[in-house]
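A.B. asks: Below is a structure I'd like to ask you about.
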Amino acid sequence: MSSAPTPPEYDPAKPNGGNSLDEDVNAQYAGLEVHYVYLMVCAFLVWLIIPGIGFLYSGLARRKSSLSLLFQSFAVAAVVCFQWMFWGYSLAYSRTANAFIGDLANFGLKNVVAAPSPGSVLLPEIVFCLYQMLFCICTVVLVTGGSFERGRILPSLIFSFCWATIVYCPIACWTWNANGWLYNLPSLDFAGGGPVHIASGWAALAYAFVLGKRVHKGEKLHGKPHNTTLVFIGTVFIWFGWFGFNGGSALNASVRSMMAAFNTNTAACFGVLGWTLVEYIRTKGHFSLVGACSGAIAGLVGITPAAGFVSVWIAGLIGFLTGAICSSAKNIDKLLRIDEGMDVFKLHGIGGMCGSFFTGIFAQKWVSALDGASIYEGALDGVGVQVGRQLAEICAISAYSFTVTCILLFALKFIPGMHLRVTEEAEMIGLDLDQFLDEQIGDWSILEQHSRHGVTQPNSVHASSEAVTAKSA
């Protein structure tokens, strides 16, 4: 029998993995190609979450502001891609980072090519960099949901660059960099319960808090999704993309990765059951498609930190409990008196905190050992202190994300010309008409034809515009 290929080692004398003109930089990965090919496929899956969030948010919003949310998903992706290449990757993952943030050793992706990555020696660093960049993009797109229906787009893009720099990158460094303080505590976070979900949930809440509540003039459709089909399609994209999100986070193609992928689907399904059960009881026998979609996302969020640490039935339990808890928090916005209508805090903030807490309870070393190298255990294996470590992660990330996001937004708010919120008139006619040039969501030509013949559709852009005109007159 032939022996297994020997994994490459990082050579400080060749920080970029070697000169491709003098040597074959692929040779060090001979026999191990399956790992980085698998991670590239997972990265492509994760990318689907970006338009998925756009579809989801667009469907949840009212029609007059839904196009802006589709646009923001791509615009934020573009801004954060630049930020990550400029200095984001270095601030999060440089090998010479301190316990809280990286340095600029990899500024402008310097030497990020073929060397074994800091996350796994089985991956060329350029693969690892792409995979982690998509995590950052997804997180920032989630955060912008806090500004829906009233936040100006240009300031949100500037905010995205700054937030990725001073919130996401430090938290990612704490959690996943080998020098990070949470990494060495250790807190257990397989795929982003803290940096992605807890951080984005609290940041979206801060965004909604700083902007203030939406203008409510008694519209019957206020706070209701305008297109449940878009919500469903967005959830499908997100669910499918999450197979790569969790399935690739072991950073190898081991059995542990397969377990994580199985757990991902299991938790989403059980999340649907948990959310739907609570909603069925609350509404006295009625169902909701949006509720089922929310339950799936809650289950996915809950399993994210635990996917590579728990068995399949525990994954189902985590998904069910997270879905039920998030559904029970239906009125959290009213309790907090903050208008965060995209449910980013409810699903990602509360769901992420639940998932992180459950990871501390249910992590088992036999599951993490499925990759042949890792041993992590929780209270179920007799290491009760792990629950305390998870609580430390939850408190630190929650406090840092909410506080720094508020400070950042207030700072941007007082920069001349940097108005975070549209005018009341613009909000009433909708962000799409205010912020875009001759574009609307869906088949807007029908509305134009009705308008020409003197028939104005309820809740259309024309109806909203006429209402504002009448008010001004």
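Residue 1 is the first one shown; counting continues down the chain.
Positions of Cβ are set from backbone N, Cα and C atoms, glycine also.
TrEMBL: automatically predicted annotations, no manual curation.
Copied straight from TrEMBL:
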TRANSMEM  36-57  transmembrane segment
DOMAIN    38-436  domain 'Ammonium transporter AmtB-like'
TRANSMEM  69-87  transmembrane segment
TRANSMEM  121-145  transmembrane segment
TRANSMEM  157-177  transmembrane segment
TRANSMEM  197-215  transmembrane segment
TRANSMEM  227-245  transmembrane segment
TRANSMEM  257-278  transmembrane segment
TRANSMEM  285-304  transmembrane segment
TRANSMEM  310-332  transmembrane segment
TRANSMEM  344-363  transmembrane segment
TRANSMEM  391-412  transmembrane segment
A.B. asks: May I ask for the residues of the chain that lie six or more residues beyond the transmembrane segment (157-177) and have a Cβ under 8 Å from a Cβ within it?
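C.D. replies: Hits for the transmembrane segment (157-177): 75-76, 79-80, 82-84, 87-88, 91-94, 97, 99-102, 118-119, 132, 135-136, 139-140, 143-144, 183, 187, 189, 194-195, 199, 203, 207, 393, 396-397, 400-401, 404-405, 408-409, 412, 418, 420.
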A.B. asks: Would you confirm whether the transmembrane segment (36-57) and the transmembrane segment (344-363) meet the contact rule of 3 or more C-beta pairs below 8 angstroms, pairs 6 or more apart in sequence?
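C.D. replies: Not in contact, no.
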A.B. asks: Are the transmembrane segment (285-304) and the transmembrane segment (227-245) near each other by the rule of at least 3 C-beta pairs under 8 angstroms (pairs 6 or more apart)?
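C.D. replies: These two stretches do touch.
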A.B. asks: Out of 121-145, 197-215, 257-278, 285-304, 344-363, which stretch has the largest tally of CB pairs under 8 angstroms to the transmembrane segment (391-412)?
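C.D. replies: When the Cβ pairs under 8 Å are tallied, 197-215 comes out ahead.
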A.B. asks: Find the average pLDDT over the domain 'Ammonium transporter AmtB-like' (38-436) in the predicted model and report it.
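C.D. replies: For the domain 'Ammonium transporter AmtB-like' (38-436), the model's average pLDDT rounds to 94.
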A.B. asks: I'm a bit unsure how to read this: which one of 121-145, 197-215, 285-304, 344-363 has the highest number of Cβ pairs shorter than 8 Å with the transmembrane segment (257-278)?
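C.D. replies: Between the stretches 121-145, 197-215, 285-304, 344-363, 285-304 has the largest tally.
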A.B. asks: Other than its close neighbours in sequence, what residues sit by the transmembrane segment (197-215), given a CB gap under 8 Å and a spacing of at least six beyond its ends?
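C.D. replies: Result: 139-140, 142-147, 149-151, 159, 163, 167-168, 171, 222, 301, 304, 336, 338-342, 344-353, 355-356, 394, 397-398, 400-402, 405-406, 409-410, 413, 420-421, 424, 427-428.
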A.B. asks: Do any residues of this chain, six or more beyond the ends of the transmembrane segment (121-145), have a C-beta under 8 angstroms from a C-beta of it, and if so which?
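C.D. replies: Contacts of the transmembrane segment (121-145) (Cβ under 8 Å, skipping residues fewer than 6 from its ends): 7-10, 17, 25, 29, 32, 35-36, 39-40, 42-43, 46-47, 49-50, 53-54, 57, 69, 72-73, 76-77, 79-81, 83-85, 88-89, 92-93, 109, 111-115, 151, 156, 159-160, 163-164, 168-169, 172, 192, 195-196, 199-201, 203-204, 207, 245, 248, 251-252, 342, 344, 348, 405.
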